[in-house]
Every structure is written in C-alpha cells, then in structure tokens.
C-alpha cells in the first residue's frame, strides 16, 4: 500500500481535500435549487461516493512495499477496528444527509461555517488526545479558538442576511398567487423588468423559491439552525472514530493482528455510509420530510435531470474524505481537521453560482469578511501544528 511519509505530502493531501470537500456541497445545492428532489440527488451521490472508496482501496491500497495491503486485511481478525470505521461512516452519512436540508434553510455558506466549526472544536480536541498529543497544543488550540470565533460570525452573518432578505420581500403578499413580475415596486430596487431577475433582488428570491425543491419561505429559521447543529455534532465524531479504527488506541485488537490501514478502514467506513444513506433516502422517497412531495424508486430511476452533477458530487466527497484520512494518518488527525475550513471554498461557490449575499447590507458584508478572515487564520494555524506519526 502507498503511505504518505512527509509532512509536506500530508499538507498537500489536506489542501486538495479542502478543495474537494468545499466544492461538492455547492454542486448538491445547485441541483436542489434547480428543483431536483434531494432524495434523488443523495441516492446518486451515495453510489459514486462508495465507488471513490473502492477505487482508492484497489489502487493506493494495493501498490507499494508497505504491508499488509487492502485485500490481505479483508480476511484478518480485525472486526473491532472495522466497527469503529463503520461507526464513523454512519455518523458522517447522517451529517451529510442533514446538511442537504440545512442548505435550503440557512444557505450554503452559513451551513458549512457552523458545521465545520463544531467539527473542529469537538473533533479536533478528541483527535488531539487520541493521537497521543503529536500535534503542538500551543499552536493547535489557538486554531480551534479561531474556528469557534468563526461560528459566531457565521451565525451573525445568517441573522443579518435573513433580515436583508425580509426587507427585500416586504412588498410581496403571496408567493403562491403573485408573479415576481407583477408586483408594484420600484424595478431599480427589486430587480424586476425584462429578462431574468437580478441576483440578490426580491424578484430573484421569489423565482428561486418557486423553482427549488425545498420550500423555505414562511418556515422558521430555527429549523434550519437545529438541523445544522445536529449535522455538526455528527461530523465532529466521524474523524475520531476513524482514528480509533486505524490506530487502535483502546487496544481492542488481539495480539499480533495488524492495525487497519487507512484504505481498508476507509472502505468499511464508506460501505456503512452507503447502506445507511440508501435505507434512509428510499424511505424518504415514500415518506418525505419538510413538506417535500412524495416520489418512488421508479421516479428516481427515470430522473436524469442533474444526475451527472450528483455523481460528480459523490466522487468529490469520496476522494476528499480519502485524502483527509491519508493526511491525518501521516500528520495527525487533529491537524487534518484543517480541511473543515471548507467554507472558504463553499462561500466562493455560493457567491459565484447562487448570488448569495448580493445586494446585502454593509453590516452583512463586514461580518462575512470577518468570518472568512478567521477561517484563513485557523487553516494556517492548524496546519502549522502538524506532527509526524511514528
């Protein structure tokens, strides 16, 4: 199997993982805003997410002189570590499923900020102690503090932006009976007029609400924040569980049984995530939540609108998680949590693709810039704390 030996190699894995893990949520959000049911999108996503783990296992898990390789470990008596890996996959799958609904309520940027910050505050602390403190505490925990500050800014950004949108929509009485091109308000302020509505305007917000799969107008933002915090708790546990699977800190394996390598652990991790996602999303097809329309497995199979994007999202997430674990095994899983700064990437996509924060207030922009600055500082500090696993 292939092993990352240097700190530079580990940091390269983390940076590439940051790009992948910050991009796939934007793709999933794109399909939802175009009206595709999240159950359909997530079922497609789970297929390629598992396929990415299989590809990594049969390539990187098999090449190189290090032993034991992936196939050899499939027949070893290591079920205790396998259970930790599968537990990590279960909580990650629950977190990913929750965020798909949270994106609709509180936006891509704020969802990623809150979940990533909770993950780092809880998950990094657990990983630091599990890794026998190979990361420099005097550097690591100031980085964690930066993430905690970022989540405060993220909540403030959401509150400010929600107030901005409410102000834009004051002239609209009924979304169900009123076209965004039939409201008597100033076209210069509303974005009304010929052609497509301008991003950030009241007309744009209404057209988006009519097109998207999850209807959010009139619903309490507390629902979105509650889903977001639940996802953050799930995300904070998957990396420590994976750490236990690959390093056996609790000495659950029998004497002489090799520890799981990162590729074997990731394979079992992805299988459990796939099975849970498959069960829950098939259930949601027939018993949907949050007011979504009912669907069926036949309707899912016939829905090719956005399927390619969903497959791409699954590949990006799968390879991103694999790279994070490879970097964490080499430099410490606490330092690898730097990839949770994915809001740096997802906020870029949110602004570029979806017009988030367009025509918002100056207060919202100041809070947004402050949030992003804290993430940049946090990434730099966490990566500087990288150690070397002996």
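Just so you know, glycine gets a Cβ as well, placed from its N, Cα and C.
TrEMBL annotations:
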TRANSMEM  41-61  transmembrane segment
TRANSMEM  82-103  transmembrane segment
TRANSMEM  139-158  transmembrane segment
TRANSMEM  222-245  transmembrane segment
TRANSMEM  265-287  transmembrane segment
TRANSMEM  308-327  transmembrane segment
TRANSMEM  333-353  transmembrane segment
TRANSMEM  365-384  transmembrane segment
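Pairs of Cβ atoms less than 8 Å apart link the transmembrane segment (222-245) most often to 82-103, out of 82-103, 308-327, 333-353, 365-384. Here the transmembrane segment (265-287) has Cβ contacts under 8 Å with residues 39, 42-43, 45-47, 49-50, 52-54, 56-57, 61, 70, 81-82, 85-90, 92-94, 96-97, 238, 242, 245-246, 294-297, 299-300, 318, 321-322, 325 of the same chain, all six or more residues outside its ends.
When each of 41-61, 82-103, 139-158, 308-327 is checked for Cβ pairs under 8 Å to the transmembrane segment (365-384), 139-158 comes out on top. Residues 25, 28-29, 32, 38, 41-42, 111-112, 115, 214, 224, 227-228, 230-235, 237-242, 244-246, 260, 265-266, 268-274, 276-277, 280-281, 289-290, 317, 321 of the same chain lie 6 or more positions beyond the ends of the transmembrane segment (82-103) yet place their CB under 8 Å from a CB of it. Beyond its flanks by at least six residues, the transmembrane segment (41-61) meets 1-2, 28, 31-32, 69-71, 96-97, 100, 261, 263-264, 266-267, 269-271, 273-274, 277-278, 281-282, 300, 306-307, 310-315, 317-319, 322, 326 of its own chain at Cβ-Cβ distances under 8 Å.
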